[in-house]
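Asks: The following block contains the structure, expressed as structure tokens.
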Amino acid sequence: MNGAGNAFAIFDARSTPFAPTQDQIRQIATDLKADQVIALERDATKDVFMRIWNSDGGEVAACGNGARAVAHLILEETGKQMVTIQTEADMLKGFKAIDGLVTVDMGSPLMGWEDIPLAEKMDVRGVDVKIGPMDNPTLARPAVVSMGNPHAVFFVKDVNAYNIPQLGPLVEWHPLFPEGTNVGFAQVLDREHIRLRVWERGAGLTKACGTGACAALVCAARAGLTERTVKLILDGGELLIDWRENDDHVYMTGPVEIEFETVI
Ligand SMILES: N[C@H](CCC[C@H](N)C(=O)O)C(=O)O
């Protein structure tokens, strides 16, 4: 399945156990050209439990576009107007939106340095990370936030001016991030539009990143660079992100498409 350019291999493990090794995850992701592998599992109180692995084989706690793809599947399967998805990080809600789009309530952003997590106490609005020559760094002082997974967001003048495959890994596994981090390159076009490219932890440069879009919006709005409802323009498509003041939740709306279905 595809969510704004993110490609997922989704396995229905609600009646057939699915417990792959890291090597098997890596092989599946390679064979199916997936950014993440997702398993649907039974949950005692929610419509479904969503287990997520990056293409490097590592299990992670959040995947925004994956949640929208899973929400679409369960909305169609149940005919409900709202579905609940449990992940390791949070309980999410999925809704049908207009024009076949799907909205997921991603919950509240986490902004404590321990929540990201960072290796030491630091101002999350701009952390002490410099990439490139120390006297004239290529990248410096990313804003950080967690959407259930860690994100470092660099605000840049031109997202196409950076060698992301070279720079991304240097931030992804920087010592300040004990669990690694996703790395966003965000270009604020105006107060309601951000162009974003993401080097994903454990998956590399992808065409889209749902939690990355949420993270970029939260960091931009927190810094006063944009409104709280913004269109994120990614390589693979557009996402509307809305960080609502009434509940502090971040709502993500975007397209989903099923590329193929195989019953194994
Ligand atoms: N690479 C991310 C997981 C997938 C995020 C992305 N696919 C999304 O839509 O949120 C991480 O390691 O936290």
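A Cβ is built for glycine as well, from the same backbone N, Cα and C atoms used for every other residue.
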Asks: May I ask you to find which of GLN24, GLN36, GLN166 TrEMBL records for the substrate site already listed with ASN6, ASN54, GLY64, ASN65, ASN149, ASN182, GLU200, ARG201, GLY210, THR211?
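Replies: TrEMBL names GLN36 for this substrate site.
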Asks: Would you list, in sequence order, the residues of this chain other than ASN6, GLN36, ASN54, GLY64, ASN65, ASN149, ASN182, GLU200, ARG201, GLY210, THR211 that have their CB within 8 A of the centroid of the site's CB atoms, where the site is the one recorded for substrate?
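Replies: The answer, listed by sequence position, is ASP35, VAL60, ALA62, CYS63, GLY66, VAL198, ALA203, THR206, CYS209, GLY212.
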Asks: Cα-Cα, whole number of Å: ASN65 (substrate binding site) versus CYS209 (active site, proton acceptor)?
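Replies: Cα-Cα distance, ASN65 (substrate binding site) to CYS209 (active site, proton acceptor): 7 Å.
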Asks: Out of these active-site residues, CYS63, CYS209, which one has the fewest other C-beta atoms within 10 Å of its own C-beta?
Replies: CYS63
Asks: On a count of neighbouring CB atoms within 10 A, which of the binding-site residues ASN65, THR211 is highest?
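Replies: Neighbour-count leader: ASN65.
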Asks: Work through the binding-site residues one by one (ASN6, ASN54, ASN182) and point out the residue whose CB has the fewest other CB atoms within 10 angstroms.
Replies: ASN54
Asks: How long is the line from the C-alpha of ASN54 (substrate binding site) to the C-alpha of CYS209 (active site, proton acceptor), rounded to the nearest angstrom?
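Replies: About 12 Å separates the two Cα atoms.
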